[in-house]
Amino acid sequence: MSTVKPTTMLPAICDNAATACSGTDCLVPPSNFNAILGVVVSTVLTIMLAMVMFAMGCRVEAAKLWGHIKKPWGIIIGFLCQFGIMPFTAFALSLAFGVQAVQAVVIIIMGCCPGGSNSNIICYWLEGDMDLSLSMTACSSLLALGMMPLCLLIYTSVWISSDTIKIPYDSIGITLAALIIPIGVGMYVKHRWPEMAKKILKVGSIVGLVLIVIIAVIGGVLYQSSWTIAPSLWIIGTIYPFIGLSLGFFLARFVGQPWYRCRTIALETGIQNAQLCSTIVQLSFTPEELEKMFAFPLIYSIFQLVSALVFVGGKTLKQTTNTLAIFSSGTMHSQ
């Protein structure tokens with residue numbers, strides 16, 4: 001007859017936050033660390049973005065800004081691009097790639113969003129029309145209160161009822177306030193202390209460019225679990241910003257706008273408010289649906305940054321080439 005040696009019972013190792021334990025198996029409530037971190041990061045970034053907008057306002061001249069409002073040809077072209085070209089392009093891409101219904105909806109929501117503050121920062125580096133850029137961003141955010149529901153009604157009805165989509169009017173209002181108030185203060189500083197305004201602008205433009213990169217990196221880290229999505233969404237998220245920038249530029253050029261305004265209108269068309277898109281989909285869809293769609297605003301925001309940096313890099317390269325050519329020509333003449 002064989003004997004069985006008594007087994008030594010090991011103490012259960014259990015998480016302090018566990019609500020129930022059975023041996024080494026513990027039931028731990030889901031962590032809300034990412035949610036809390038997201039709120040903290042969002043608050044800090046909003047404050048920093050307001051500071052950058054204050055710096056951008058230090059370049060704005062009230063007379064020129066008022067001139068764009070009195071003769072709003074650039075704003076009108078931007079409006080046609082923002083709420084005409086971009087939603088239709090999103091609709092066409094969704095049909096062309098045959099994406100799922102919820103994925104088509106998030107693409108169209110992105111296309112219906114107003115321009116983002118990132119366009120103002122990139123516009124500075126591309127030597128565009130800052131007065132036009134800021135006025136277009138403010139006007140598109142204001143007009144989005146009516147145009148977003150209209151565009152979503154027109155383009156999403158193929159897949160879902162537009163009543164499903166909840167537009168966060170409070171977020172749009174916060175965006176407007178975070179844009180208009182700092183710019184107004186910056187304009188006042190430029191009027192009273194022009195030399196100080198120049199220094200603030202230089203610092204703010206660099207901080208703004210760094211902030212764009214930080215936002216993209218933090219978004220990728222916080223929502224890394226959402227990156228596993230259909231290849232078609234990756235493709236659309238990659239090409240869509242380039243299509244928006246290109247169509248905006250060529251339409252502006254077609255109607256006879258000068259080059260620096262063409263660059264401005266292109267940026268205002270292609271660079272969307274991706275944070276607003278993320279907020280809308282979080283409010284409107286279930287966790288199961290979010291798994292299929294939530295990464296798209298992140299992908300778009302990354303590739304709109306890439307496309308903008310390509311523009312900046314191309315312009316910088318052109319300026320460097322021209323400077324070297326002038327320098328070489330001067331050297332040859334002196335010899």
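Keep in mind that glycine also has a Cβ here, set from the backbone N, Cα and C atoms.
According to TrEMBL, the features are:
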{"type": "TRANSMEM", "residues": "35-55", "note": "transmembrane segment"}
{"type": "TRANSMEM", "residues": "75-98", "note": "transmembrane segment"}
{"type": "TRANSMEM", "residues": "104-126", "note": "transmembrane segment"}
{"type": "TRANSMEM", "residues": "138-160", "note": "transmembrane segment"}
{"type": "TRANSMEM", "residues": "172-189", "note": "transmembrane segment"}
{"type": "TRANSMEM", "residues": "201-223", "note": "transmembrane segment"}
{"type": "TRANSMEM", "residues": "229-251", "note": "transmembrane segment"}
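Remark: the transmembrane segment (229-251) contacts the transmembrane segment (75-98), by the rule of 3 or more CB pairs under 8 A. Within the same chain, residues 72, 75, 78-79, 82-83, 87-88, 90-91, 101-102, 104-105, 108-109, 111-115, 167, 169, 172, 175-176, 179-180, 183, 268, 273 sit at least 6 positions outside the transmembrane segment (138-160) and bring their C-beta atoms closer than 8 Å to a C-beta of that stretch.
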